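TrEMBL annotations:
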type: DOMAIN; residues: 355-468; note: domain '1,3-beta-glucan synthase component FKS1-like'
type: REGION; residues: 34-54; note: region 'Disordered'
type: TRANSMEM; residues: 501-520; note: transmembrane segment
type: TRANSMEM; residues: 532-558; note: transmembrane segment
type: TRANSMEM; residues: 570-589; note: transmembrane segment
type: TRANSMEM; residues: 609-630; note: transmembrane segment
type: TRANSMEM; residues: 739-755; note: transmembrane segment
type: TRANSMEM; residues: 1522-1547; note: transmembrane segment
type: TRANSMEM; residues: 1607-1627; note: transmembrane segment
type: TRANSMEM; residues: 1671-1690; note: transmembrane segment
type: TRANSMEM; residues: 1697-1718; note: transmembrane segment
type: TRANSMEM; residues: 1800-1823; note: transmembrane segment
type: TRANSMEM; residues: 1835-1855; note: transmembrane segment
type: TRANSMEM; residues: 1861-1883; note: transmembrane segment
Amino acid sequence: MSGARVPRPSRGARGEVRSVYNWERLVRATLQREQLRSSGQGPGGRPAEGIAGAVPPSLVSTNIDHILQAANEIEDEDPNVARILCEQAYTMAQNLDPSSAGRGVLQFKTGLMSVIKQKLAKKDGTAIDRGHDIDILWEFFVRFKRRHRVDDIQKEHERLRETGTFSTEMGVRAVQMKKVYATLKALLDVLAVLAGESASDGVGRLVRKIRKSDATLGGELMPYNIVPVDAPSLTNAISFFPEVRAAISAIGYPSEFPRFSANSQVPQQRNKDMFDLLEFIFGFQKDNIRNQRENVILALANAQVRLGLPDELEPKVDEKAVTEVFRKVLDNYIKWCRYLGTRIAWNSLEALNKNRKVILVSLYYLIWGEAANVRFLPECICYIFHHMAKDLDAILDSQNAVPAKSCICADGSVSYLKQVIFPIYETMAVEAASNNNGKAAHSAWRNYDDFNEYFWSPSCFELKWPLKDESSFLRKPKKWKRTGKTGFVEHRTFLHLYRSFHRLWIFLFLMFQALTIIAFHDGHINLNTFKVVLSVGPAFFILHFIESCLDVLLMFGAYSTTRGFAISRLIIRFIWFGCSSTFLTYLYLKVLDERNNRNSDSTYFRIYTLILGVYVVVRVTFAALVKIPACHSLSDMSDRWPFFQFFKWIYEERYFVGRGLFEKTSSYARYVHIFLVCVFLDGHTYLQVFVCLLSPGKQIPIQFFLLLIKPLVDPTKVIVELNGLQYSWHDLVSKGNRNALTVLSLWAPVFAIYLMDIHIWYTLLSALVGGLLGALGRLGEIRSLDMFHKRFESFPEAFVKNLVSSQMKRSIPNRLPAQDSKDMDRDHAAKFSPFWNEIIKSLREEDYISNREMDLLSIPSNSGTWRLVQWPLFLLTSKIPLAIDLALDCKDTQTDLWNRISKDKYMAYAVKEVYYSMERILLSVVDGEGRLWVEKLFQELNNSISVDSLVVTITLKKLQLVLSRFSALAGLLIRDETPELAIGASKAVHELYDVVTHDFLTSNLSEQLDSWQLLARARNEGRLFSKISWPRDRETREQVKRLYLLLTVKDSATNIPKNLEARRRLQFFANSLFMNLPLPKPVSEMMPFSVFTPYYSETVLYSYSDLRVENEDGISILFYLQKIFPVRFSMDFVMRGSPCLTFDVMSGSLPTSIDDEWENFLERIKSTADAVEDNDNLELRFWASYRGQTLARTVRGMMYYRRALMLQSYLEKRYLGGIEDGYSGADYMSTQGYELSPESRARADLKFTYVVSCQIYGQQKQKGAQEAADIALLMQRNEALRVAFIHVEENALADGTISKEFYSKLVKADANGKDQEIYSIKLPGDPKLGEGKPENQNHAIIFTRGDAIQTIDMNQDNYLEEAMKIRNLLEEFNGKHDLRAPTILGVREHVFTGSVSSLAWFMSNQETSFVTLGQRVLAYPLKVRMHYGHPDVFDRTFHITRGGISKASRVINISEDIYAGFNSTLRQGNITHHEYIQVGKGRDVGLNQIALFEGKVAGGNGEQVLSRDVYRLGQLFDFFRMLSFFFTTVGYYVCTMMTVLTVYIFLYGRVYLALSGLDSAISTKARMLGNTALDAALNAQFLVQIGVFTAVPMIMGFILELGLMKAVFSFVTMQLQLCAVFFTFSLGTRTHYFGRTILHGGAKYKATGRGFVVRHIKFAENYRLYSRSHFVKALEVALLLIVYIAYGYTRNGASSFILLTVSSWILVISWLFAPYIFNPSGFEWQKTVEDFDDWTAWLLYKGGVGIKGENSWESWWDEEQSHIQTLRGKILETILSLRFFIFQYGIVYKLHLTGDDTSFAIYGFSWVVLLLIVMIFKVFTISPKKTQIQLMMRLTQGIAAIGLIAGLVLVVALTNLTIPDLFACVLAIIPTGWGTLCLAITWKGLVQSLGLWDSVREIARMYDAGMGMVIFAPVAFLSWFPFVSTFQSRLLFNQAFSRGLEISLILAGNKANVQA
């Protein structure tokens, strides 16, 4: 320690000092460990320094940590000053938290006090006069500042700043000075505090003066996001870019603007600008001002740079750039004004000067930036802007600036938040609170859409300005007084499906009607048939009348607030369709009367056809005008006439959104043709019917007609005519209705299949079209390693053509212009090499390749003077030995030998490179006579080659010997030089000389060289090769190493890279180079963009304990990862990523091991497995986290964008600078140090922003959660990462209540690794009013930058090679895509979780099929692609001015992402899809995870059915685009549900026929029931059920990207792994959640978990999850099948039963046992026993308050009933439950006991028996608490049991009751009991009031116990056989675990295996 000497203390004193010192060390170590634990720091992060690193989170917002950091810095220099700083820090901590209530505050104070005591002890007892502390501190401050030459450096920096130039040296020096500035600022802060307490006015004045005047101290340390606007900074090159300087100048304060008032604050460190004026006028928050100031600067700068760089000396933004930004930002506002017919806030665009445009844009962004939840109301923002812009305009026209009256608070302050946003927010919050946490009906409260659509009507101006509190808009709901919905009401009903897509249903119903009529006329078309077919006319109007009735009915709840025009339209349509349907029906009945009257003159027929024809013409005309693109100009012209305008309004409602939903005629024709083909294949085409109608007498050749309708015609005719049929039960409804129910049971399943037939054909056709489009797009051209190797030569040219900007396409400096194609190839290779090598480097960093593979894959720079292209070694290895073999076998001329070598182009390259490299290396290492010998040797060889006489000049047999000598030399030269190696190298050259001279060359040439006097003298004198010049420069060393590898590597590198993931990535990247990519702009001119990731509380980074902790099966994550990523095999005939059996586990035979990610990791960190696992290694945590679905993986992937942009910017700068910057040709393409280049980093930051919205990060920090520490660690490792979060401040009020204030904050990591707050914007209240994720996105979206924003979920990944294509993708926004520029760019995804298990593979393939082929077709040609989540790229400005990137209303927007697509489309956006770039994506990997995810999506689609967005798209799309939209969104789930309903309809119909006895009666009389049609219907249903149609697009994708053989192999493998069972099970999941959501609601976000699922799921857990969704339904179907088999009649016996019911039995088995088939260790006996114990314990455990459903059956049972809330839901549930009573009604009449008696009394008596059984059950289940009563009950139960058995025996013996009758009674009682239970649950309140609820609960428990036993018994039986468990393990995990591991050992938790 330096400083003044102190006397040596005594021994006692030394002991005291030593104890204090030891205590300090102990405290420091403890605090440091605590800090490491709380901040996640370790070897990879910045370690905290001393006590400064231990500041607790509650004190971090102060500058305590900075003061302590300064104390640490200066302690060695002046301990007394350090003591002063520490004491001040302690005082501040004590003042902030006197009671030490905060987490870690007490420990911090204790540690800090010990440090202070130690410093006092070092004073050796000398008294301290704290009154002089300020003087001591001031003297040190002056001395410290002088020593570091701060003033001189500041002057130099100021001069450079004024010139506007930035140099790297200046930036480096500024970075070094940053620590000095930090120390000075800390000293000043403490001086300011002491000066306030001190009487030393002189020092105080000086301190205050310095704090005011010294801008540099504040400037360099003031936090900023991207551009240091508020204070000058020399460490960031962005400030020196001319476009940024021009933008800053553009927002400067113009002289024509009004003057500020005298008391306004003046910024100290910058000039006043427009934002200061806006802050003064409207009272925007300071951080909102700072945030949007930077946002506007970047928007202007990037707009300017696309037009060209401004002048360097005085940069100005062009008017054109300002206008571009102005038009884009205010486009929605301008459209809103035009729609409402109101005048825009300015007179005309031409009247606005540049300054006015800039301030209006700034005003809009400030309004939006502080609007909080109001940002979801884009037209409300327009309304606010409209009035504030008028206020601003008036103020700008005045001389003095004054605050706007609309923002002045009661206390005189000015606040936009309080006066404008808060009243709106408060109303929305009260409305949101009334939704009862999403359980209330949507119609009972206003959501975000209702609030926003209020501003779609001119009546919105009744809200006035300033906002009128008593307006209906701001009215808060109170009991029955509330403001109604606006424009639409989301009533929960299936009727929305008909209302939204009525054109589809009308089309289907009318076509079915027409086809049925034709079928009943034997397919012949004549006038008589034609008249009957014309019945479609009245049917059409009736169906439209139904739709208009639904419009009137479903608008209930919105009439009071809906526009008058909209209500008028509803009434007019209702009256019109009501009257017209009545009139047309009457008229048609007259036509039928004429038809039956032979003497009629057909007057009514002519009138009818005339009226119908005129209506059709008018309807078609308006449809053409409104829907067909080619007619839109004519449609616009017709708007001049009120007649046409009126009828167009009647035909199609006008909204603010949804106008102009048309495409180009060519696009229209494309998607029309797609669905015309679908309709033609399906048989639903007007054309066919029309042709037949024009050709009387012809039959109609329609597939559906022939297969399904016609076979039912004859049976129907016969059944209708049958009379006197004998029913086996008491018939109640079938008398006199001509057997209508029988006919219905035949036709219903056929009609159900008919409704979903188009979807089937659409699936097939879309697969075909998608495959064709993919092939045309060149997908799958490079799909194997062999293709990759063969085409590598063409990669550089393709890369330069598509991925290199125009700045880099010039010839490389220091090289002559390209003379021929070889020179061009070399230029291309030189430009390609730095990018390729960075890609290979990134693969190595990710541990997908080893160091050796990296060397083999890297490509030389090709930047020297060679004209030879140098390719990567993996293409050239083993080529030299093969060439030598050819040379040894050569018996011909040189030309023949070369021709044979050239057949392999890479062999020719290798030979040339070896030859030229040997020459260059020899010339570089030898000098003098040796160099002359080398020159002479190669001169002779070159001469021989030129005259085609090489085989004569040399001895080919000795070629191998020469190369071996040279490889020995090269092996020495690649090592570092030592004297011993130098001697060895000299000796090696001598040996090479001897071999070449005496053995290799011909005798003549050998003698010539031997007789060369110069050489002979040097050889004799020992000078020849005596001195070897070791390779010094990097290029020569790399060349030697490369040549050595070429000569020595004998193994073929055809399998390089060996890792499958590395192969996949490189193959896709190479393939994408040949696809159609837009040309990229230079980085400086590219479109700026942001990446945005919402995060809640998922895993950020696996902790070490997470990795090591074992689950119940003994498996840790680390062990799992080591085994799942150890060896990745490649078998070319195996599909990439498919879990196929690559070897026999049981035999233990393994294929050749290929590189191993775990071993690559150990190699990279230079460690061993034991050393890594034994230590808390941060790199190990990251390695594991990068293989899971963690935030760390996502952040790493997204930061590749910045790395790619830095690389591209760096190389472009070098091309612009070239030789003038001092770069030689050799190092020109070197990328070394590009990540440290200040300009490259600044350029990347200008173009790329990454914001992670960690909603509860603030709470996590306060709790000291691991997630917060890990997020902080990610910020430390990624300087460009920004984290946004909600901060909550609690304040105690005077009345004792706690008020909460909410802030939206943005932080980054500072130089010390601490969180540095950039912005803190106060919110009007809790931001979570709606769904969590969109609200999380909304609060943080204000911190994004740029013109585009990519939404990335936290289970995604990215790759460096894909990041290099982001410039191309962003150029799509400027490309031509039909009528409109894109507003959302769809991006391809790769699902990286497919290798975990067979289930994960199924899910991966299904997901991949959708995100590639499916979305390809949706985008083109169907034009209905929406936003399906991530990773789409949004036009940021378009979407933030139109409501954001998602919708957030509670429940209705549960699938928030897709609404962004709906909104974009409705607002005339355009959504495209691009497959030349891909992003990684994780998916759910376990069955339970998958089921939860599919349930969430299905529930979300159920809510979409109710939404206004789907309604408007269904109404406003043209017919064919509407078909596309329906079948690709909610229609998919409707058809899925219809698939299941078909089974129910068929079976209930058959059970009706069987129980009623009609099947046997009809078959006896007519011998027909139309089974042909039923067979066809059920076959179609079965194919849908097992996922065949789902798999078709999947197979097409396989064929396209993998090849036909691999596709077939993959499909067969999937079938063998029971994918049909999985798809059938998923069918049930989707059906259940979709249907229940529409019926009852209850859709909610379900956390699926994204971990590695290898644990066994307990039986009870599966039962809870699937009981109501699958098990109950499966058992119901099984019961139907049993009843049908027992009582049904078929002429062909059992075979007919099997054929008709096989698909249903497969469905039953799949739904019952799939959860156990796909459950790890599902059939292991020990697990089965444990599961049974767990299940019975759960079943019998009593519920209660606070007990969760996972612990008690009773609690779970109560939770399962919670979805039945409304009266409507109860009525529907009651109706559905009545179906269970048909069993008892039918079966009692089938008993032998009842005989032929069909009286109703029989059924009544069965209920008496049932009640008796319930009473007996009650007797046996009652359990009284008193002992005496227990004894009595046991006696009663025993007597009852004996009596019951005796009674049954007597009844069987004395009556006709048989044993089969007893089983039949069970079949009757089970469904009746279940139906009764359902009714009791539905009307729970009534049952409870009757005191029967406990009995209902016990009966329900018995049912669940019985269902569980039915499922458990087969599982237990199969568990007896060990081979079943083995087979199941191989079925599930044969990709992930079977590669080198016995699954049974893993799942048993074999720890010995772990240790081994």
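Placement of Cβ uses the backbone N, Cα and C atoms for every residue, glycine included.
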Tally of residues which DSSP labels helix, strand or coil - the domain '1,3-beta-glucan synthase component FKS1-like' (355-468): 78 helix, 3 strand, 33 coil
Close approaches to the transmembrane segment (1522-1547) from elsewhere in its chain (Cβ under 8 angstroms; 6 or more beyond its ends): 497, 501, 503-504, 671, 674-675, 748-749, 752-753, 755-756, 758-759, 762, 1414, 1418, 1422-1424, 1426, 1458, 1498, 1501-1502, 1504-1505, 1510, 1513-1514, 1574, 1577-1578, 1581, 1584-1585, 1627-1628, 1630-1631, 1634-1635, 1673, 1677, 1680-1681, 1684, 1703-1704, 1707
Segment proximity, the transmembrane segment (1800-1823) to the transmembrane segment (1861-1883), 3 or more C-beta pairs under 8 Å: yes
Result, the transmembrane segment (1671-1690) in contact with the transmembrane segment (1697-1718) (3+ CB pairs under 8 Å): yes
Folded-back contacts onto the transmembrane segment (1800-1823), same chain, C-beta under 8 angstroms, at least six residues removed: 730, 1784-1785, 1788-1789, 1794, 1830, 1833, 1836-1837, 1840-1841, 1844, 1865, 1868-1869, 1872-1873, 1895, 1898-1899, 1902
Residues of the parent chain within Cβ reach of the transmembrane segment (570-589), under 8 Å, 6 or more residues beyond its termini: 534-535, 537-538, 541-542, 544-545, 547-549, 551-552, 555, 604, 607-608, 611-612, 650
Average model confidence [pLDDT] within the domain '1,3-beta-glucan synthase component FKS1-like' (355-468): 91
